[in-house]
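**Student:** So TrEMBL lists the following for this protein:
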DOMAIN    26-168  domain 'Lactate/malate dehydrogenase N-terminal'
BINDING   Gly31, Ala32, Ser33, Gly34, Gly35, Ile36, Gly37, Asp57, Asn117, Ile140, Ala141, Asn142, Met251  NAD(+) binding site
BINDING   Arg104, Arg110, Asn142, Arg176  substrate binding site
DOMAIN    170-334  domain 'Lactate/malate dehydrogenase C-terminal'
ACT_SITE  His200  active site, proton acceptor
Amino acid sequence: MLSSFARPAGAALRRSLSTSAQNNAKVAVLGASGGIGQPLSLLLKNSPLVSRLTLYDIAHTPGVGADLSHIETRAKVKGYMGPEQLPDCLKGCDVVVIPAGVPRKPGMTRDDLFNTNATIVATLATACAKHCPEAAICIIANPVNSTIPITSEVFKKQGVYNPNKIFGVTTLDIVRANTFVAELKGLDPARVNVPVIGGHAGKTIIPLISQCTPKVEFPEDQLTTLTGRIQEAGTEVVKAKAGAGSATLSMAYAGARFVFSVVDAMNGKEGVVECSFVRSEETECSYFSTPLLLGKKGIEKNLGIGKVSPFEEKMIAEAIPELKASIKKGEDFVKNMK
Ligand SMILES: NC(=O)c1ccc[n+]([C@@H]2O[C@H](COP(=O)([O-])OP(=O)(O)OC[C@H]3O[C@@H](n4cnc5c(N)ncnc54)[C@H](O)[C@@H]3O)[C@@H](O)[C@H]2O)c1
């Protein structure tokens, strides 16, 4: 079933860098001065899909904005700094991407970021709900398994909730899975598509190697090692950066790929599929990542989990308690917010 939509998803980034399609998406990046925010903003500025790029952060956005604004592409760029400038950054936006928040240091889990990032995401989501309630909201800030429930609860509180437009960006897990499978099998990574479902933390990251296109097979021990590497790939980068943060460049690529897919679908392109952590009825968790067919109004159809192997079935069952706890933690945070 999935294979009819398979891949090309990842082609979105390359496509938007190489075609002359003229489109008019107004995109905001919140946390634009950060490790992810800057290269992500560069990729967005480089795209003909984007006509206006507004950059918000609590520091350095005038400089980042001035720098990017000299690039000879059509997107008009402006930097906004501090909460009083946030409304103007958001007004009229079609898509808002949020990489604001602290990243992991060695030894930390994504959940360890909760205390700091929950407040940041709730504050920014409240501003989005007030100033661009119709925009597609793409959350990169971790822990994604909690920040999506937080964003959803904030939008509900403001009376503007649309579950089809709130996305947890898990694209980096798919990008990594495609790369690692291609390395092992000597394939072109651009032609590999591994759906990754569940959530975005450790064991909740569930690569469906059995649904990979082209079809690939691994002996059991290699499959276990490969799955573990995909689940811990973020930690691989955190360790290698040795205290200087987590994935930023690959995340910027993945974030841009996701935004371009959302914009392509909004522009009427058919058959655009991305996995994302969203409100879901596919399992007993109220949020879950599965492949989604995107359309003009956000999620057009949830394509579901599809046929999985016993190995994958077991991973799904094991992920559910952790996912439920992270979702509840996010929801409770907003309930207790003043
Ligand atoms: N979804 C994923 O796959 C994925 C992958 C990597 C990192 N992340 C997450 O992305 C987030 C950002 O990572 P990074 O490496 O860019 O961090 P960073 O520290 O380099 O940048 C974060 C930026 O957010 C800004 N910021 C802080 N509070 C803010 C606020 N209230 N409003 C606006 N901006 C604010 C900071 O000034 C900074 O510029 C982290 O939470 C990290 O865990 C997610």
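Just so it is clear, glycine is given a Cβ too, placed from its N, Cα and C backbone atoms.
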**Student:** I need the least crowded one of these recorded positions (Arg104, Arg110, Arg176, His200), counting other C-beta atoms within 10 angstroms of each C-beta.
**Tutor:** Arg104
**Student:** Please list, in sequence order, the residues in the chain of Met251 (NAD(+) binding site) that are at least six apart in sequence and whose C-beta is under 8 Å away from its C-beta.
**Tutor:** Ile36, Leu40, Pro99, Ile140, Leu172
**Student:** To the nearest whole angstrom, what is the C-alpha distance linking Asn117 (NAD(+) binding site) and Arg176 (substrate binding site)?
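**Tutor:** Computed Cα spacing between Asn117 (NAD(+) binding site) and Arg176 (substrate binding site) is 24 Å.
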**Student:** Hey, how far is Gly31 (NAD(+) binding site) from Asn142 (substrate binding site), Cα to Cα, in Å?
**Tutor:** 13
**Student:** Under DSSP, the domain 'Lactate/malate dehydrogenase N-terminal' (26-168) has how many residues in helix, strand and coil?
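**Tutor:** Tallying H, G and I as helix, E and B as strand, the rest coil: 65 helix, 30 strand, 48 coil.
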**Student:** Find the longest CA to CA distance in the recorded NAD(+)-binding set Gly31, Ala32, Ser33, Gly34, Gly35, Ile36, Gly37, Asp57, Asn117, Ile140, Ala141, Asn142, Met251; express it in Å as a whole number.
**Tutor:** 18
**Student:** Within its own chain, what residues at least 6 apart in sequence put their Cβ under 8 Å from the Cβ of Asn142 (substrate binding site), listed in sequence order?
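**Tutor:** Asn142 (substrate binding site) has long-range Cβ partners Gly101, Pro103, Arg104, Arg110, Leu113, Asn117, His200, Ala201.
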**Student:** Sort out the sequence-distant neighbours of Gly37 (NAD(+) binding site) for me: same chain, 6+ apart, CB within less than 8 Å of its CB, listed by position.
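**Tutor:** In sequence order, Val29, Gly31, Leu55, Asp57, Val64, Pro99, Ala100 meet the Cβ cut-off.
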**Student:** With an 8 Å cut-off on Cβ distance to the Arg104, Arg110, Asn142, Arg176 Cβ center, who else from the chain surrounds the substrate site?
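**Tutor:** Same chain, not in Arg104, Arg110, Asn142, Arg176, Cβ within 8 Å: Pro103, Pro143, Val144, His200, Ala201, Gly234, Thr235, Val238, Ser246, Ala247.
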**Student:** Which residues, sitting 6 or more apart from Ala141 (NAD(+) binding site) on the same chain, put a CB under 8 Å from its CB?
**Tutor:** Gly31, Ile98, Pro99, Ala100, Gly101, Asn117, Ile120, Val121, Thr147
**Student:** Rounding to the nearest whole angstrom, report the longest C-alpha distance spanning Arg104, Arg110, Asn142, Arg176, listed for substrate.
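**Tutor:** The two farthest binding residues have Cα atoms 18 Å apart.
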**Student:** Reduced to three states, what secondary structure does DSSP give Arg176 (substrate binding site)?
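**Tutor:** The three-state answer is helix.
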